[in-house]
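Student: To start, I am sharing the structure in question, which I have written as structure tokens.
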Amino acid sequence: MKSPLPWLKRRLSGRADSEHAQNLIRIIITTLFISYLGWRYQHTHGDTLMATWLILVGELLVSLGLMVAILLRPQVSHTRRLIGMLLDYTCTGAIMAIQGEPASPLYAVCMWVTIGNGLRYGSNYLRAATAMGSLCFLGAILISPYWKANPYLSWGLLLGLIAVPLYFDSLLRAMTRAVREARHANQAKSRFLANMSHEFRTPLNGLSGMTEVLATTRLDAEQKECLNTIQASARSLLSLVEEVLDISAIEAGKIRIDRRDFSLREMIGSVNLILQPQARGRRLEYGTQVADDVPDLLKGDTAHLRQVLLNLVGNAVKFTEHGHVLLRVTRVSGSAEDAVRLRFDVEDTGIGVPMDMRPRLFEAFEQADVGLSRRYEGTGLGTTIAKGLVEAMGGSIGFKENQPSGSVFWFELPMAIGEPLKSSTVRVPTGALVDAPEELESSNIIAFSNPFLRHRARVRSMRMLVADDHEANRMVLQRLLEKAGHKVLCVNGAEQVLDAMAEEDYDAVIVDLHMPGMNGLDMLKQLRVMQASGMRYTPVVVLSADVTPEAIRACEQAGARAFLAKPVVAAKLLDTLADLAVSTRQLATPATTVQVATSFEGVLDSSVLDELAALGMGEEFERQFVRQCLDDAQNCVGDIERDGTCSDWEQLRESAHALRGVASNLGLAQVASSGGELMRMADWQLQAEWRLRLSTLREQLKAGKDALDARVQGVKDGECSPRSNE
């Protein structure tokens, strides 16, 4: 039988106030006074003792009832608060009136209840408690012979019961005002930092985007070295901007915790891949130790845990010049069977932390001294971000000295034991058919290491509309999109977007969120109204330097198809466009499309492979491309069957997403559409229909394979290639 204590703790830990603590103390004090009076009158009997006992028992029973009510309805209840206050004062006043001198210590209880209500619930409750307590004590003075016989003491205590809480009320209001002003100042600082981070992203967008375009051109060794330096500097600046945004989110309490199953050792391995080269460059010994009793499969926020480790271990590498850096993971004793508490220790032999710095170690924008801030780059936010993330995940963090030199940063986190992870098939991306060396760039084989050429091979050309009020941002997007094979029209405002869409159809729109006049959100809302009136649906991608959770949520609610952060990352942009191409492909009916056979109409969109053939890659390449894509599609169908058998609906959606991407590469419209439907289905729908959907997918894939075989045979015979019409 499990103990009810963990359930009680979970039930009460998330409450918005501390009413349960006040009620628990009431129960304890009532019990203590029952014991006190029993000891005081152990040899005395009488009606007053019986009345006192009945009052105390009644208060105890009502208090227990209030505790049950709190457990059943943990929400804030003003009615329960008032009932508790009335219970305290009426019972205290009645006992003081009945018992007289032996009950005089209850005056302290009256004062405690009054001050406690003020501290817990605010000034209004403090004044109400003062009035209730004064009236109850006044009743005891007027009834009890003891208090009547000591008028100076009685009236003096009554004045104290009024004056002390009222004076305390003035102090409480001053403290509340000071806290509110400090909070407003902190919020203003956070807004300023977030705004500055937003402004940094705009020039970074031009810098990062243009260097990605430049990296795809022919460069000699010296130019490549210069370009790598520029890109590394841009990434470093972006990481500083991200740290400022992280600390702003932590201070605003907007950190979202996303708990998922993950492999602890794989996650630590990904951290090692990033930090080991840095440690090797500084000639440091770098190692990790995970205790044997630490489970590998856990459920927790792996992204934030990884960020904490990168901050702490990265700091250890940065501040260590000789010796070693060691990450240890151990299991804290006393962990439950279905949960575990892990301790992470990051040990180094670096410069350590000076004594005068330790109290401020986890404060924002702090480094050990000015000399260090010049010597070691950074904002001084790493430990602050780590502390905020660890506490948001329900853990604790600290520091201790590592003798004879260095430091040890540690943190503990509670985690649930994860479900066994299925071994997933490693899918080779369709684009990775050829790892072409430089000498093959001039041949008729696509260099698939180039993301733009890979995108052009996978995604048909689309008509894009781009809106941004900064000319540099428009130029970056235009260069990136044109290099990826798309046709682009750039405008500088949201009004021009609506005008352009009223005149012509576009496959997708990329719009900045914040622009003068009509902003991106207003444009999205207006566009949805126009589309509801009969205009063709066009997906909209929001590209913005404002990456706050509120901005992202507002864009989703307004109908944005995707949200991308500035500075634009070419790989993410191209992946998003590939996803959009699936939803818009069925609307495209180019006049140059050559149908393979009328029996395959609706099964195969020949324009996709026609565009690939138009790149001049050769017939052999197209056959290899089709063969690899079909193999990938068969693997995806097998994954869907495995996921359905295991009732892993989330992974089934991921497998359907992969199938949709592969099918869209081939122009298999039916398969891509069915994959998209599976992605959007709820768990209960998948549970009921996945076998039927899988059977349909297999039939559609077989029909698509027949259509592709016919096309490939036609290409071989010279019947279907666009070049045959030249």
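Placed from the backbone N, Cα and C atoms, the Cβ positions cover glycine too.
Note that the coordinates shown come from a computational prediction; the quantities given were computed from them, not determined experimentally.
Swiss-Prot feature annotations, pasted as is:
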type	residues	note
TRANSMEM	23-40	transmembrane segment
TRANSMEM	52-72	transmembrane segment
TRANSMEM	95-115	transmembrane segment
TRANSMEM	128-148	transmembrane segment
TRANSMEM	152-172	transmembrane segment
MOD_RES	HIS198	phosphohistidine
DOMAIN	463-581	domain 'Response regulatory'
MOD_RES	ASP512	4-aspartylphosphate
DOMAIN	618-711	domain 'HPt'
MOD_RES	HIS657	phosphohistidine
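In terms of burial and nearby residues, how do these features look in this structure?
Tutor: Sequence-distant contacts of the transmembrane segment (52-72) (same chain, at least 6 residues past either end, Cβ-Cβ under 8 Å): 8, 11-12, 15, 19-20, 23-24, 26-27, 30-31, 33-34, 37, 80, 83-84, 87, 91, 94-95, 98-99, 103.
Beyond its flanks by at least six residues, the transmembrane segment (152-172) meets 107, 110-111, 114-115, 118-119, 122-123, 126-127, 129-130, 133-134, 137-138, 141 of its own chain at Cβ-Cβ distances under 8 Å.
Under a cutoff of 8 A between CB atoms, and with a sequence separation of 6+ in the same chain, the neighbours of ASP512 (4-aspartylphosphate) are ALA467, ASP468, ASP469, HIS470, ASN473, GLY520, VAL542, LEU543, SER544.
Annotation note: HIS657 (phosphohistidine) sits in a helical segment as assigned by DSSP. Within the same chain, the residues at least 6 positions away from HIS657 (phosphohistidine) whose Cβ sits under 8 Å from its Cβ are GLY675, MET679, listed in sequence order.
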Student: Quick test of the contact rule: Cβ under 8 Å, at least six residues beyond the ends. What residues does that give for the transmembrane segment (128-148)?
Tutor: 82, 85-86, 89-90, 92-94, 96-98, 100-101, 104, 107, 110-111, 113-114, 117-118, 154-155, 157-158, 161-162, 165-166, 169
